[in-house]
Amino acid sequence: MASSAQPPAATGDGGPDGESLAGGGEAFGDRSLSQGLSVLVGLGLCVTMLGLGCAVELGQLGQQLRRPVGLLLALLGQFVAMPLLAFLLALIFALDEVAAVAVLLCGCCPGGNLSNLMSVLVDGDMNLSIIMTASSTLLALFLMPLCLWIYSRHWINTAVVQLLPLGAVSLTLGSTLLPIGLGVLIRYRHPRAADLLVKISLWSLLVTLVILFILTGTMLGPDLLAHIPASVYAIAVLMPLAGYALGYGLATVFKMPPHCRRTVSLETGCQNVQLCTAILKLTFPPELIGGMYMFPLLYALFQSAEAGLFVLVYKMYGRDSYKQDTLGEEEDTDISYKKLKEEEVADTSYGTVTTEEHNSIQMEPTQTAL
């Protein structure tokens, strides 16, 4: 393990990509900046998990557990499809061990809160979206370290994989259970406060990512682009796009309605990049995270842009059909009601029944114009 104590030397053998990714790590070695980023990432993750807990209602959770379709889709999408996709992309683009670990970490993460917001914008199933996000977060406590262990075998002889702190990953995931549980309790006792916290968590997600981009760019300086190879940019573009497609296909296999397909699609492609950033920042030595640290930020940028395009296309072309389907259902109900009223009128057209004193009943003929 003596060689493992020299991270910069260990990452220098990965070829051009490895050198570029390892470069810039010295900037993250600044203790004050590193500690500041650690605090920011930790607080951002706590607020995000608190907002996720505030979005979960116990009644809906019980219904989903009785019919665990959302749980099953979260399992297949987040811990079967996405880790396998990350592994295949790392092999196809021949990534070195540093970049591969970053991609695998992002691929093995649970779903993120961005999918909940996007599901609202595409008229998706919000209950399904929230349950999938919460379920994948809880499942990640056991399945994320398992997936990382399985898919990192290809790079097992490299120092960075030998440094992969699976125990620390589990500890970081376990620490997210407290804010989630607190959020569920707030939702149960103070629903209005929970609604406010959900909005705050969504804004904190955006603000935290923007701050991280600015601070990272400042620390790495003008050489930022030189530290990241084109293959990593390509994966950051392709991975969320492929995730959206896989999610939609998975929901189609389960024969789900269109609005649920859109929901599952967004849930599968949107990863919890704040959790990925926290794991990279809090569990790896600062000298190693220079290049790795940027991948979840790039993924967040492209997953948001592509989800935004998804929403734009739906608003332009898909929403009309959604409204027509909804109106069609309402029209069918109205027609049935009108027919029922007409039948009632037809039944009483021959006469009306009136009651008089002494409980007598008379039939009064109705005059009909000839």
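Indices start at 1 and increase along the chain as displayed.
Note that Cβ sites are derived from N, Cα and C of the backbone, with glycine treated the same way.
Just so you know, TrEMBL annotations are computer predictions that nobody has curated.
Lifted from TrEMBL, the feature list:
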- 12-21: compositional bias 'Gly residues' (COMPBIAS)
- 349-370: compositional bias 'Polar residues' (COMPBIAS)
- 1-21: region 'Disordered' (REGION)
- 348-370: region 'Disordered' (REGION)
- 37-59: transmembrane segment (TRANSMEM)
- 71-95: transmembrane segment (TRANSMEM)
- 128-151: transmembrane segment (TRANSMEM)
- 163-188: transmembrane segment (TRANSMEM)
- 200-220: transmembrane segment (TRANSMEM)
- 232-251: transmembrane segment (TRANSMEM)
- 293-314: transmembrane segment (TRANSMEM)
Best-packed against the transmembrane segment (128-151), counting Cβ pairs under 8 Å over 37-59, 71-95, 163-188, 232-251, 293-314, is stretch 71-95
Answer with yes or no whether the transmembrane segment (71-95) touches the transmembrane segment (232-251) by the criterion of at least three Cβ pairs under 8 A, sequence separation 6 or more. yes
Residues from the same chain, set at least six apart from the ends of the transmembrane segment (163-188), whose C-beta lies under 8 A from its own: 4, 7, 45-47, 49-58, 101, 134, 137-138, 140-141, 144-145, 148-149, 152, 194, 197, 275, 278-279, 282-285, 288
Cβ-Cβ under 8 Å with the transmembrane segment (37-59): same-chain residues at least 6 beyond its ends: 28, 112-113, 116, 130-131, 133-134, 137, 176, 179-188, 194-195, 197-198, 200-202, 204-205, 208, 211-212, 215, 272, 274-275, 277-278, 281-282
